[in-house]
Amino acid sequence: MAAPMEVAVCTDTAAQLWSCVVWELHSGANLLTYRGGQAGPRGLALLNDEYLLAAQLGKNYISAWELQRKDQLQQKIMCPGPVTCLTTAPNGLYVLAGIAESIYLWEVSTGNLLVILSRHYQDVSCLKFTGDSSHFISGGKDCLVLAWSLCSVLQMDPSRILAPRHVWSRHTLPITDLHCGFGGPLARVATASLDQTVKLWEISSGELLLSVLFDVGIMAVTMDLAEHHMFCGGSDGSVFQVDLFSWPGQKERNFQPDQDVGKVFRGHRNQVTCLSVSTDGSVLLSGSHDETVRLWDVQSKQCIRTVTLKGPVTNATIMLAPVSMLSSDFRPSLPLPHFNKHLLGAEHGDESRHGGLTLRLGLHQQGSEPSYQERLEQLQAVICNTMEKNVLGGQDQLRVRVTELEDEVCNLRKINRDLFDFSTRIITRRAKRGMSPGRPAGSLQEPSSVWRSRGMAGARSFTTSWRRKQPNVGPSTLEQHSACKRKEPLTHMKWRDLEVCVSLKRHRRTHTEDATPRRPLVSSDLQGQKEDDGSQGKGGELV
């Protein structure tokens, strides 16, 4: 084929001439017909683009045809009871069937019945797989919608009851239909119910995204591939279009047909049982109990074509025609195996009819052997520990590294403090050198200004007088020295400045004889006492 061809596959309950009819979507030409029974509602599925499966209405078997050998029924898959709904995994590995209130899962390659899920309280009405076959959704007459993880189902312990990933119980009447959108585990699921509502769910979080209330019960629901619009088939024969991207977004809506006149498809005279949208979203296919299948233009809401069948329509879907459907030379790659009716290993189970190795998925060996799920968790724990060791280097190395970093921080703080002190001394030294010697009397003077105003020799003489105390100096002399200390500006100098003066005296002894104070360091009484002490040979001379 030059381009993929879209075909419509339809079934009805009469099945006088055929069980299933295939016709080209745009031209309406009949392409294929399959004979051999009556297909029940939501009981039609395509397996691996090689086989067509149909759950027979009210009977306990599933009919299987090769897509090219349309006149010969390939096989009847026997089941424990009447099949209420049917679906297949998109990857072609598994078949799901609803039988009463239980869900049966078969493996296509071996025909083994892997697991039976019994979490619904009434009959299962619809089943759907996600596009990547990672999850499947089930809806029942008990008003429950369950989201299952296929990996968890395959790894379950047969002695335990597996819990679904999500349980959606917002509907109040039986579930009539569901549709799973694009996105695999991130897909959105639309569910229809007799409670006149359609709800939109998110598989990843399990949250309810949207709830739309109608005036009639909803029997069918679908979405276009881009999920811009949701189409809902009512029990009165109308098809309603709900825009999912309308503003403002509301979690709960009421659909009013009188206000939304341009959103209703009218033409069927009885309840709509099935809906499907073309790949480009421009054409809508609907089947009804009025024994007609109608093709609608989504933009104009006009009916393009009407196909009349012999009974109430149970299934109507649009699909891309597989190569095997239109090629007469095509044959299936593998024949269908015998499908077991009972679990492998059950006391009354079917024994394998073929020798060789039997691969059993989902059931681990009995005994102390860990399951695949436990092995996966252990492997994840080992990977996480290895990554932590590679990144952090272990706890011991981490402590050593922290200690090294703390020492480095201390060294940096010390260096910073030393640099601060050094820069402070440089700045203050420049400031002292730039101070003017002329200041008000009694104000605080720096040592350099004192030396400039009074002379270097006078400063040294005053400092030495306090460092060298003569033993023959009387109390009056000490009092005069104290008074002089209180009067002189040098008394306000810090001890550090005094030490600087002493150090200057030691290094400049040779200049002491030339240095003469510009003004007396002591009062006149102190000079008289000095002369008396000099005459008696007991006084101490200031140097």
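Along the chain as shown, the residues are counted starting at 1.
Glycine too: its Cβ is placed from the backbone N, Cα and C atoms.
Confidence over the repeat 'WD' (117-150), given as mean pLDDT on the 0 to 100 scale, stands at 94. As annotated by TrEMBL, repeat 'WD' applies to 117-150 (among others).
Same-chain residues lying 6+ beyond the ends of the repeat 'WD' (189-211) with a Cβ under 8 Å from its Cβ atoms: 128, 130, 135, 137, 139, 143, 145, 147, 165-166, 168, 170-181, 217-223, 230, 232-233, 242, 244, 250-253. TrEMBL lists 189-211 (among others) with the feature repeat 'WD'.
As a summary of secondary structure, the repeat 'WD' (265-306) carries 0 helix, 23 strand, 19 coil according to DSSP. The repeat 'WD' annotation in TrEMBL covers 265-306 (among others).
According to TrEMBL, the domain 'WD repeat-containing protein 18 C-terminal' annotation covers 383-429.
According to TrEMBL, the region 'Disordered' annotation covers 431-485 (among others).
If you look up TrEMBL, you'll see 506-543 (among others) marked as region 'Disordered'.
Within the same chain, residues 42, 84-91, 93-94, 96-103, 105, 161-169, 171-180, 182-185, 187, 189, 191, 193, 195, 201, 203, 206 sit at least 6 positions outside the repeat 'WD' (117-150) and bring their C-beta atoms closer than 8 Å to a C-beta of that stretch. According to DSSP, the secondary structure content of the repeat 'WD' (117-150) in residues is 1 helix, 18 strand, 15 coil.
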